[in-house]
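Pulled from Swiss-Prot:
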ACT_SITE  C98  active site, nucleophile
ACT_SITE  C194  active site, cysteine persulfide intermediate
BINDING   A9, M10, S11, G12, G13, V14, D15, S16, M35, G122  ATP binding site
DISULFID  C98-C194  disulfide bond
SITE      H123  site 'Interaction with tRNA'
SITE      Q333  site 'Interaction with tRNA'
Amino acid sequence: MSKGIVALAMSGGVDSSVSAYILKERGYDVIGIYMDLWRDERKGYCNKSAAEDARRVAEKLDIPFHVINIEKKFKDNVIDYFIDEYLSGRTPNPCVACNKTIKFEAFFNAAKEFGADFMATGHYCKIEERNGRKVIVKAEDDKKDQTYMMYNLKQYQLERTIMPCGEYKKDHIREIAENIGLDVYNKKDSQEICFIPDNDHGGFIKRNYKSKIKQGNFVDKAGKIIGKHKGIIYYTIGQRKGLGIALGKPAYVIDINPITNEVVIGDEEDIFRTELIAKDVNFIPFDKLEKSMELEAKVRYSAKPSKATIIPLENNKVKVVFQNKQRAITKGQSVVFYDKDMLVGGGIIEEIV
């Protein structure tokens, strides 16, 4: 007897491909869906090979396969957001925006239109029930854990979402793929932003919004002009390489001012801070933070969680006070909270205090 219909987001990669197999083995009726998200004007359909890989996997596993076009929503909510943030002197995380508005909103809604009871992805996270609520828990594979990107999920989404890969090590996923004869078993993991395959975000923005990129001044902490920069989009907090200025000592970007179009330069010690304000906060084990909590938090995907106090503020904001100084806290990135293995929530870094 079927456990229900699952709409699986297929990317053509090994994780979503093996997820299809696992779900089918567990008794679900799987529908494979590939999202056509964007087209590179220089190359045409940028991900044709990925779509074909996904289609071949679906044929191999004998599951229905569909391609849906979400280009406009992806452009409006991810690409335009990405560009606007850089032009505003912030460093965005497009994967967080994509999960919030595309994978777990647009795709979630598409799954319902296909008559699915659940949606599934190839993300490395676990979904469990604790104290009567669905929560997100770190994956079995610490190196592949993707909970940092998932803090925006709501209860209604978690109740209908399955992430099979969270229960496996990556090597095991590849092993399953090879054993069942999937050609994608040795396909490389994507490391770059999907719509910037050459990893040159500055070049991407320049091609699309060249007129908005303005040269400006490098200034020191006292406001003294010490050089010229080529546009604030090319810089991020903590950056040392590629500044093109010689001060006779290591120089770091410590702030970016979009109003004056200035990039502030300082010493390495200046990029270590302990406090921040985050906006657009979402919590998963509970609806609202009523009082301060002692948790662990991290300010970038690759960082280790560090002890911090999370203090509720008005307008869906929190203040985060770390026990130890954090390197290069960056506006536009996400700060994410954990209680041991459980993802508690997160928000967008708005201000460094």
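Glycine is treated like the rest: Cβ placed from N, Cα and C.
Sequence features annotated in Swiss-Prot and their locations in the structure.
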residue: A9; record: ATP binding site; DSSP class: strand
residue: D15; record: ATP binding site; DSSP class: helix
residue: M35; record: ATP binding site; DSSP class: strand
residue: C98; record: active site, nucleophile; DSSP class: helix
residue: H123; record: site 'Interaction with tRNA'; DSSP class: coil
residue: C194; record: active site, cysteine persulfide intermediate; DSSP class: coil
residue: Q333; record: site 'Interaction with tRNA'; DSSP class: coil
Most distant Cα pair in Å, residues A9, M10, S11, G12, G13, V14, D15, S16, M35, G122 binding ATP: 16
Rounded Cα separation (Å) that holds between Q333 (site 'Interaction with tRNA') and H123 (site 'Interaction with tRNA'): 20
Rounded to the nearest Å - Cα separation of G13 (ATP binding site) and C98 (active site, nucleophile): 17
Those residues of the chain, 6+ apart, with a Cβ under 8 Å from that of D15 (ATP binding site): G122, H123, Y124, C165, I173
Densest Cβ neighbourhood among M35, C194 (recorded positions), 10 Å radius: M35
Distance from A9 (ATP binding site) back to the residue listed as 'active site, nucleophile', taken between C-alpha atoms, in Å: 13
All-chain count of other Cβ atoms within 10 Å of Q333 (site 'Interaction with tRNA'): 23
Rounded Cα separation (Å) that holds between S11 (ATP binding site) and C194 (active site, cysteine persulfide intermediate): 11
The residue listed as 'active site, cysteine persulfide intermediate' and M35 (ATP binding site), distance between Cα atoms, whole Å: 12
Same chain, 6+ residues apart, C-beta under 8 Å of the C-beta of A9 (ATP binding site), given in sequence order: S16, I33, Y34, M35, K103, F107, M119, A120, T121, G122
